[in-house]
Amino acid sequence: MRLKHIKLVGFKSFVDPTKVPFPHQMTCVVGPNGCGKSNVIDAVRWVLGESSAKNLRGDAMTDVIFNGSNARKPVSQASVELVFDNTSGRIQGEYANYAEISVKRLVTRDGRSDYFLNGSKCRRRDITDLFLGTGLGPRSYAIIEQGMISRLIESKPQELRVFLEEAAGISKYKERRRETENRMQHTRDNLDRLNDVRDELGSQLDKLQRQAAAARRYKDLKAQERKYKAELQALRWLAQEQQAEVIRAKIREQETELERWLAEQRGSERGTTELREQAEESKQKLDAVQQQYYQLGNDVTRTEHQLQTQRQQLQQREQRRGQLQAELDQLQQTLADDQLQREELEATVLELQPQHEAAEQAVAAASERFEQDESAWLKWQDDYQQHLDALQRRREQQQQLQLQQQRLEHQQQRLSDELTRAKTAIDELQREQQQLDSSDLQTQIAKLTEQAELQQQRVLQAQSQQQQLHAELEQLFVERDEQKSTQQQLLGRQSSLEHLLKAAQAQDWPAALQQWLQQHNIKPLGQVRDLLQADTDWQLAVEQVIAPWLDAWVVEKLPAQWPQQLGARLITLSARNVEATSLASKVTGPLARWALLQGITCVDNADSETPSDAWITAEGQWLHRGGFQVANFTAADSQLAQQQELADVLASQQQAEQRLATIEQQRQQLQQQLEEVQHQHSQTQDSLREVQAQLASRQEKLKWQQQQAQALGLKQQQLSEQFEQWQQEQETLALTQQEVEQQLLQLSEQQPTGDDDSWQAKRSELQLARQQSRDALTTAQQQLQQLTMQLQQAQTQLQHHQTLISRVAQQQQQLHEQLQQFNEPDVEGQEQLELLAMQLEELLQTREQVDEERRTWANTLSEQEAKIREISQGAQGVHGQVEKVRAQLQSSQMELAALQERTRNVLAVLQEMNQPLKPVLEQLPETADEKAWQTELERLQNAIQRLGAINLAAIEEAETLAERKQYLDQQNDDLSAALETLETAIRKIDKETRHRFRTTYDAVNSGLQELFPKVFGGGSAYLELTDDDLLETGVSIMARPPGKKNSTIHLLSGGEKALTALSLVFAIFRLNPAPFCLLDEVDAPLDDANVGRFCRLVEEMSASVQFIYISHNKVAMEMASHLAGVTMQEAGVSRLVAVDIDEAVALTEAS
């Protein structure tokens, strides 16, 4: 798979339709700075799905659309299309059979972005999925732009892992795993929703089953109702049938009388009928004569038309004969002209044929000469390439020896520096060993240990006090919560009682009543419900008596006149003493003087003897002048009890608030004590930590001194051994350096064989001969082609004229035949014309005779119709008697029809009930009575009505719901199984991902370790995993160029980072080569030597990977097989100038 070309329209600076071809494996894009070269790379990244405008060097995605210039207006959209050659079948799936694949992206200024795959609109994800695993993508390792080198090397481990995942082809596995996890989450959500639905269905099923039982009872009653209703209708049918039989007898008598009058009427009608038949016969004959008259008129018209048509045909025949004679004369002239041109063309063909054969022989001779010169030129190219390869090998060998000499000198200098530093370090170690002394530290450690133990005891005491205070606070919090809970309950009860009392109370004091009382100097004491206070045991009895007066207003005296429109009730109090046995004694306050209560005696029970005629018990049994009455409410429901309970609730609330205040005060005291203890504990802990820190510091320092003394001794020994080893290495390096200098001297003395001037002279000679033979061949071919075209043109014209002559002769023969036919006289036409004239004369005479007969029959018909009218007037008296009897008969029939309609209604009711009449009559008891059956039917209907609202669908709904619940239970099992399947798929994907990632990591790491020394001429580099989990681990890169021991890759120079990144990318390409690789000035930070290594590596990789790179380096340009030049002659508009290197070299040599 390879990239064939890119089509750009309106993309950034490429405003005009531009096609960038890539015919070879190595294409270099060149041009001055700012001409738009990098826009080619941006176009590829954009089409592959890049969604970040920042990565395309813009602020918004619409920035990729050409925004205009000094001479051009902005365009409204931009599109880029990539065309791939897929003959190798690298793309899998449904596009594997396509030899060419087109990927296109289009964006408009309104923000709409569309993707197209082989011309069909698709999603961005379809493009991403198409290239998954191939190494291509908007941010893959196949596209390396300016600045990406440092980002690749300095990327975080998780970011570097992405490149290895793409190389391993597991990005599609990660996408599949993410989709599987989403499906698992959806499955769990569905399972939760399913469980909710199942629970809801369970409760609905219980309710429907209860409704189904009521529906079955309803159905039983309805069945009985249908039975009695059907039998009641059968009884009605029997009664209606008896009444119908009486009416039928009456109808038979009326029909006999009607038949007698109808016989007399038919006698008079027979005479009328005979006259009507005679009149009808006369009318038919008149119609026949009129039809014949009209037919003759049509025949006359048709014959006149035929006569006129025949005359016109004879005239047209004479005109056509003249036209044919003129056409024949014209064809004769045309035939003479064509024969003259044919003779001229035959002479031209005979003249051109010898010239054409001579030109073919000249082309064959020139082609043979050109092939000989071409073979000589190719042989010289092979020899010259071998000569250049030999020179290049000697240059490379000399460069390697010079580099090796530089490294040896660097190592020699490094060893000298190391020896000097080693001597200095040994002397310093000896001084440090003498200075180490640990006796003072041991004394300090003993004192600090005693202080630490004392502070530890104080800390434990403070912790014990804290625990005790915390326990007391916790107890207070528990009691406070209990009091708050009690208070909330009391508040709830208070709200409930106040709501009940408010609902029972009447409206507030009417303003009109208040004003009226003030005018009459009457001051109210309040409402009865507010002033009433009674013993707890007698609250029920008191409230039963005064219940109608609870909303009344209490005043000292009643007014003399009371206006009814005020709508209020007033009571007054008496001044007499309260008797001990009266109900007033159970009341305290001003209402004890209420006469209503004083006249009622309190008794223990209803059986107690009392001289009073009005008494009441504590349970509300009340005897008064109007009768005996029992309380219809309980003591708990009485308003007096509710008012008393409300007072108790308010008192309990006050007690709870007082207790809460006490608890809060105790809590504050304990909190203050706790804060003091915590402060002391904190100070003690600080002191303890300070002592422990000092102790740890002294212990650590003592331990360090002991380790330092041991390490100094070991290091001194190591330095001594290293010093001796470095001395030996220095001697070895000196010998190696002498050998390298000797090899360089030998290479410098060797001279390349052959003189370059002779090679160039030979090349010029061969190129001149090759060009001359090519020009001669081209000239001969052009002459041959010109003669061939002339000969073919003459032959074509000759054939054309021969065809014309044949066609004209054929037309001439046809015209002769037609003209001969028209010259003969048309005898038959003349005879037909005379015959039509005779027929017309005969038709006119016959029509006149028929018209006379038509008038005679019209007169006869008029006389017969007059006689019929006379007879019809005498029959009207008989007709009146017939209509009278017929009206009586119709009345009886209507009465019978009404009765039958009622009978049919009865039968319709039975039919609606699906109850045939015959079985109902057979099952009907002999003692059945319509009234009794009606009573039983009403009883059943009342029973059905008492059932209330019935859900008749409950039985079916319950069954359906049970089936649905069973189905949902099955769904629950299926979802659980599906969840297990998805989890198994996740484990399988994880296993495959781990295996592929490990295999890819090992292969890329091995390739990096192989390529890095090759690129740098030494050194080492390797990859390292940051975690043991292969699914989540990041990847870091370690690189050490020759002669460096850097601790981090960030310390490398720009050129070293570039070469390291290229080594990593090419190692990935070796494992999973992407179809192409885009490089944007990656050789910019490299020197000439490193550019040469870079070019050799790219040339080696180009055997399997297509390279498209941007460069300003001449060495990199020379490496390319195809140059694509980007220019900006017009400000702001990029254009393409493509150059094929081989053709350019050939053109240069030819010139």
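The backbone N, Cα and C atoms fix where each Cβ goes, glycine too.
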(message) I'm validating the feature mapping. Which of 13-40, 909-936, 965-992, 1021-1048 is tagged coiled coil in TrEMBL?
(response) 965-992
(message) Among the residue ranges 308-327, 748-767, I'd like the one that TrEMBL describes as region 'Disordered'.
(response) 748-767
(request) Pick out which of the binding-site residues SER38, ASN39 has the most other Cβ atoms within 10 Å of its own Cβ. (result) ASN39
(message) Cβ atoms within 10 Å, counted per site: which of GLY34, CYS35, LYS37 has the most, among these binding-site residues?
(response) LYS37
(request) Please classify the secondary structure at LYS37 (ATP binding site) using three-state DSSP. (result) coil
(request) Pull the DSSP breakdown for the region 'Disordered' (264-283) and write it out as helix, strand, coil residue counts. (result) 20 helix, 0 strand, 0 coil
(request) Taking the recorded ATP site as PRO32, ASN33, GLY34, CYS35, GLY36, LYS37, SER38, ASN39, identify the other residues of that chain whose CB atom sits within 8 Å of the mean position of the site's CB atoms, giving them in sequence order. (result) SER13, GLY31, VAL1126, MET1128, SER1134
(message) For PRO32, GLY36, listed as binding-site residues, tell me which one has the smallest number of other Cβ atoms within 10 Å.
(response) PRO32
